[in-house]
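Reviewing the structure listed below.
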Amino acid sequence: MSASRSSTKFSTPAEGSDNGKEFTTPATSTEGHEVPDRPGDALADVAIIGMACRTPGDVRSPDSLWQYLLKKGDASGSLPDWRWEPYRQRHPRNAALLAQTTAKGYFLDDIDHFDAAFFSISPREAEQMDPQQRLALEVAWEALENAGISPPQLAGSNTSVYMGVNSDDYAKLLLEDLPNVDAHMGVGTAYCGIPSRISYILDLMGPSVALDAACASSLVAVHHARQAIRAGETDLAIAGGVNALLGPGLTRVLDEAGAISTDGKCRSFDETASGYGRGEGAGVVILKRLDKALADGDHVLAVLKGSAVASDGKTLGIMAPNARAQLLVAQKALAEAKVSADSINYVEAHATSTSLGDPTETNALAEVYGAGSGRSPSDPCYIGSIKPNIGHLEAGAGVMGLIKAVLVLRHGQVPPQANLKTLNSKIAWNENLLCPPRELVTLPCPGPIHPLRAAVASYGYSGTVSHAVLEAFAGHSEFAERLSQIPTGDDPSPVLLLISAPQARRVSAAAGALKQWLSENEASISLKTVSSTLAQRRAHHRYRHAIVADSVPDAIAALDDVSKEAPNRWVIKDKIDSKAAKGPVWIFSGHGAQWADMGRELFESSPAFEEVVRNLEPIIQDEVGFSAIETLQKGCPDRSDVVQVMTFLMHLGIAAVLEIESGPPSAVVGHSLGEAAAAVVSGALTWREGALVVCRRARLYRELMGQGAMALVRVSAEEARTRIGRQTGVWVAIETSPSACVLSGEVDAIKQLSDRWREEGIEVRMVASDVPFHTPMLERLAKPLYESLRGELHPRVPNRALFSTSQPDPRSEVLRDAQYWVTNMIQPVRLQSAIAAIAQDGFRALVEVSSHPIVTHSVVETMGECTEDPVLVTPTMVRRQPALKSILAATGRLHCFGCAIKFIELDPNAPWNSSVPSTVWHHQPFYRAVSQTSASSQLETTHDPAANNLLGKRIALWGTEEVLYQTRLEEENRPFPGHHPLHGSEIVPAAVLLRTFLQALTPRCVEQVSLQVPVVVSPARKVQIRHNTRNITITSCLEESSSQEDGSWLVNTTAAVGAANVVPSQSRMDLSELRKRLPQKLADSFSIDYLASVGVSAMGFPWQVTHHVASDDEMLARVDANPDNMGGMNDFLTSLMDAATSISSTLWHRQPLLRMPTSVRRVVAVHEIPIPRVVYIHCTKVASTSECTADVTLTGEDGTVLMEIQGMSFAGLEGESFSRKSTAGLVHQIQWPPAALVEDPSEFSHIAFVTPDITDPRLEQYQSQLDALAITSSVHQAASDLPLTSHTSLAVVYLPQTMTDVFDTATRSCNDLVSIIQTITAAASSTTRVFVLTAGTELGHSALLGLSRIIQAEHPDIWGSLIEVEDTFSLPLMAMRYVRDADVIRIKDGVPRIARLRPLPSASSSLTPLTFSPASTYLITGGLGALGLSVAHWMVTQGARRLLLLSRRALPPRSTWSSTHMNNPTIQSILALERLGATVHCLPIDISLPMAASGLRSTLETLNLPSVAGVIHAAGIVSDQLVEQVTPDVLESVLAPKIKGALNLHDVFPPASLDFFVLFSSCGQLLGFPGQASYASGNAFLDGLARSRRAQGDNAISLLWTTWRGMGMGQSANGAMEAELYARGITDITPDEAFRAWSAVASTGGGGTDHAVIVRARVLEGGEPLPHPILTDIATRKAEVVNAGEHPAGSQEVKLSGRELEQHLRDVINGCVSKTLSVKEDEIDDAVALAEMGMDSVMTVNFRMTLQQTLKVPVGPTLIWKCPTVQHLVKHFTKELDA
């Protein structure tokens, strides 16, 4: 931006002249182009305004492409070796096949390289993005820069992206590596991800489309983009195509088809052409309506006159070309363009160099553009193809041909055809009037009537044909001519050059690129054009530099200093925060800034400044009798009256220049004399009125000149007044800053006082003034001034914030009338209070508008006292420094600080240069390492998990009778489908080990099995099975210690090989006889429930008992091996063996203990008989042994013996005893122990009550109580009325009111509290604390408990507590002051109590347990959801037979189920329930609607079912929003199903009318899950309703669940919920665990409680902070092992403080960021938001946990949102740990 532009008027009612601007970017000539009047006109031409490309041959821009074309470059070469390496390793045959596959073509050297950090993409995500996405993203950015569009400015715009794509090599590479598939790979490798990634990164709101039309894809994309623009669907289009050759598959296909040349070269039109060379790269063009482009000052590169797309229909083969189709599509494009074929000068052909394709295409093009067009033989049409230069880019080929055609039109030349030696003899070149150039050809000179035109053809092997017609822009030559008239390097006017980068380390490279370009083009460029390009048409990133330069050599030298990080006074640098700085505020300072030649330079060189001076000259002449112009030219005398007037003139003149460069201010303030200019610039006065005030007052000052003096003293105004005391003749005139003020008064008095204070060590500096400004000595001038101004001033309301330094309230809106200026003259200047108000209002950027800075230091000091935020205070001019450069430097400082200067609006017609260097990329390799073995080869070396054994690759050991099986075991290939945890470690079930033995041996018999050490699944380990004719052994070792010599191999299990002729002891069992002698019928779930009770939380296999009978020593169970058809099992045997070992361990259920099998005497299987899915398992105790030993037999349903497991012995695990482990660790209730009281109570200077009812009788009592304690208070009906800025220690107490309707009470109170929090956070009032008072008895207020807990988690800095009080007329000050960090406090017996989870105690036997009767009906809301259907299935297995499933959605008519909806999973679930014997009614009733209760009653009467005995309310929706974002609509939508639904059920089924009333709530509210404000409120209401019904004698209970694995919130695809659970200190549970917990609660009658909290606390690390206080009594942790001399990070042993602590924390936090994002620590920018570095929601949770475990301090769920950068986090933890 240049300081020499002409003037602009202030944004005020000031008088002035119109702006004078430089000429606009040409675009005025539209001859030959249709410019429609209507935006939606379908006839509109489309302009190409930007292009970018990256191709082989090191082509990285259209300019470098043109140079490459001119030299007939051929970029063909060999495939980089690493590309196909994963395929070479996948199969032994692949190496030979790849050797036969063409490995030559046109390749990018750095296809794996990408600048992920620039786009804030984490390395983890970057490597999962197809290189095509990365390439397209970078090239699209370059194309926008080439178009002169700053990409960030498109955010939210109707900009579309159309990208052609046809290759999915990377997707195949990644997605076929199944064990390593990751969530990011979906969009990361999809075709749609290529345009969508661009739209996402740039925040574009227009269409985003990927097109696959094979090799025509990118030209088809351009066609659709053009159509969308013409139809008005989009304003701007990014169109192009991309191709990457990463796998051998398609190359092999094309080899087989004979389409590829053996040497990988393209030879279009050449006799030797025998196929094409595949190529990779990307091309992008930017399209806009021509009329809009001209209006926006864009450079029109060419006009896209017409385009067409078609198909070649049915040919000899789908890949065979069709000349007629190619001809027709060309004619269609010409018709669209409305130009004749003979006007086309050049055709860019598809020309794939195939023997059939080239002649076919050339003949078709000749028919259209050659001889068939009727053109003269002397005017042939030139034809060419870019493919021999850069290869056939397939999906990117069309757009690259288009870019070449645009370059041909712009240069008026056709480059020579590469790789053309002998013309193809199959083409009639002598007759067709098409000419492929051998040398550079210059096209005929175009004219306005006959502009140059070109056509582009592109075809796909699938049959798509496309064509485009281009025309040279008629204004191009005019533009070039006018650009040449712009002054170049010798223009002396200074300019501002802006460079920036998203990270600090990039700035040097950006500066280096610009320096090199300037050096190479010094003689031909205009520095002004470079300035406007950088300011208006480039993105402005976080790290900013601004250079003030007045010549190209000056700029080059400054850029060199930037590159070297050398100091330079005209180089400004800064980094901005994540949001734009608020401001700027212009400060007009007062008397004292003057110097003799202060305005001379500006008057001579700035038209804007000169205009101000000439406007003021007549007034100054008339009013004070001297010439301002003459004074500027000769020098300003040191006379107070002249200084006053000239200072005002300088203020307005500098402001005029500054507004041209940086735009208008956001606010203004004047200091003393400066208030006059502030009034003018704000619009409160015209410039004439401002001049009258200053001139007439200056004239009066002449009476007092020489009678006064002023001195700056380094003490505060308050101290100065105390020191002055009763001394006369001296007053405090200016309150400048907290440590300084200005004294004014009589000359002698000032001198005496100054001398005395200096002797006392106080700094005193005399001010250049001989008038006693701002003292009572001026009172005699008051009346004359008032009279002289009365009637002359007509003050207005300012048009921007105007602060006062004359009024006690700096925000006073008093009009600037005559009385105001009297006050301004006499009263002290309150600069300090005005600056404090500016800081309080959030302004952080301030500019001192003066000829020399005199208040900057004071302003910096005051701002520093008011805020810890970064602050900018900059001068506009400095004495004896170049004025224009100084003002530009101020603009540069504002920009670098982060003020949003709209440069393009300041000078919209400024010329610009697209050749200015674009973004410099900092590439790093990102390429996903995949498993280099195929699925088949993996099976050769590892076990098959679905075989449910550990047999890997079989190796016969030569020279021995031994056989070895070896495998690699890890979590991903565990040989069982479920989970089998033991003390937190996943172990291989004994059944799998036994099956492994049986599978390895030919005689299916093993004996003397010893199960010695469990085989642990994770971490990964090697497993070997060795056997000979006598023994078989399983051994294992961790992968990292797998050498045989180091003794790390464990013997896990051994056995002897059984004899070949061993058979079961019996062939058949009489099952009917067994049933008769086993009289005790057990529940089908008996074994599972028992095992759960002793600590087995999950099963390795999905077997299920369907019939179970027993006696004291014997059991018979009918078992289904796989009732739900779970995958992961090739047969049923191992699942049934697992059932056998599990069920037989329950024979000793009367002595409960977790028992594991330790040995087996013999296992024998009848291998001739296939194992059915359903078997009977017979277990009997072996009485002759002291151990727990059983014999087990598996039989078919007819009694045929299938297997015997004889003498299986069990032993209890060391330290295990019966304690109902599973449910005691799972089922809890909330108890309320006394709260700990702090020693340093909170102090409140004021308490503000907020309540809808200000007549609430409690208020009078509370205020009386506070009056007695001398604490002030106030009452407010709305949060917006709170006095947040008036008190430093404010307590806000919300008193919710009760309304007639319970739902209205709940929603109103929650909305009120949300509004309070939003108001306080918006005001950034961190010293305010919020409390809520309830009596705990009002049902509608119970929702507030859940909301309060979420607020505590999200805003712990302002949350006090929700307090349930006993005495509603006594303010609970003790709890408010002495209990800290509590979300909810309950006062009972006068004691503040806090919530803690404790195990649910057993209840008395008199309570009714939960039972399901076949004769009753049960109702489930949310019944068609996954949770509801799972509950329904469990209830049916427990005896329920009649179910009502309520849901908001209706199922299709049952008559259509069998035909159309058999794959509907909901319908399948219902049919499964019916197969189990249940009658299911699905009722489409939205239970939250007002009429739901009556509708449900009516439906129940109609169905005529047995009475409803139990209700489960499981309906609900989730809409996560932070409290700051919650709206009333969202809150009500989430609360309705929970609260209205529950109340409707409460109405239909009143208390004591049911066997049970179960409400599904959530534990998320207790643990403060962020974002769940609405959901938590609804769930807390359910808890309150259960409490209310229980109080009325009902068997109601609220179950506060953790997530159910795989259901509801437990289905988070990206693992966010699992990570959040872990962060909060708990885990999810399986549905089986949920039902066992429910059964446990029901079996105790709920323990007499109205709720049960069903969670499992995870085991914490030794030094890990407790994730939430509510877990205090149930959390367990591992012992912390610390080596001697070591201390945990963040522990009190590390005695650091100050800068040492800050550096330690920065290192720790950077390490955690590095670990989370997989980024190097030296690449982390501590000022960049972690989200902008690519940290998503799941990573954020993991980062919090890493941080918490490293620092050993709690890290709240919203801390990362409030402290978004490393810088913020360091500051936060420094304060916390220092405290």
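Note: Cβ is positioned from N, Cα and C throughout, glycine not excepted.
Per Swiss-Prot, the features are as follows:
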ACT_SITE  CYS215  active site, for beta-ketoacyl synthase activity
ACT_SITE  HIS350  active site, for beta-ketoacyl synthase activity
ACT_SITE  HIS392  active site, for beta-ketoacyl synthase activity
ACT_SITE  SER672  active site, for acyl/malonyl transferase activity
ACT_SITE  HIS980  active site, proton acceptor
ACT_SITE  ASP1138  active site, proton donor
DOMAIN    43-472  domain 'Ketosynthase family 3 (KS3)'
DOMAIN    948-1219  domain 'PKS/mFAS DH'
DOMAIN    1703-1777  domain 'Carrier'
May I ask which of the active-site residues HIS392, SER672, ASP1138 is closest to CYS215 (active site, for beta-ketoacyl synthase activity) if we compare their C-alpha atoms? HIS392
Measuring Cα to Cα, tell me the gap between the residue listed as 'active site, proton donor' and the residue listed as 'active site, for acyl/malonyl transferase activity' in whole angstrom. 91
Under DSSP, is HIS392 (active site, for beta-ketoacyl synthase activity) helix, strand or coil? strand
Return the residues near HIS350 (active site, for beta-ketoacyl synthase activity), defined as same-chain residues 6+ apart in sequence whose C-beta is under 8 angstroms from its C-beta, sorted by sequence, else 'none'. CYS215, GLY357, GLU361, SER385, ALA397, GLY401, ALA457, SER458, TYR459
Would you count the other CB atoms within 10 A of the CB of SER672 (active site, for acyl/malonyl transferase activity), including those on all shown protein chains? 26
Please list the DSSP helix, strand and coil residue counts for the domain 'Carrier' (1703-1777). 53 helix, 0 strand, 22 coil
Between HIS980 (active site, proton acceptor) and HIS392 (active site, for beta-ketoacyl synthase activity), what is the CA-CA distance rounded to a whole number of Å? 55
Least Cβ-crowded entry, counting other Cβ within 10 Å, from the active-site residues listed as HIS392, HIS980: HIS980
Tell me whether CYS215 (active site, for beta-ketoacyl synthase activity) sits in a helix, a strand or coil according to DSSP. strand
Using C-alpha atoms only, work out the spacing between HIS392 (active site, for beta-ketoacyl synthase activity) and the residue listed as 'active site, for acyl/malonyl transferase activity' and round it to an integer in Å. 73
Determine the mean pLDDT over the domain 'Carrier' (1703-1777), rounding to the nearest whole number. 78
Would you identify the secondary structure of SER672 (active site, for acyl/malonyl transferase activity) according to DSSP, in three states? coil
Using a 10 Å cut-off, grab the number of neighbouring Cβ atoms around the Cβ of ASP1138 (active site, proton donor), all chains included. 27
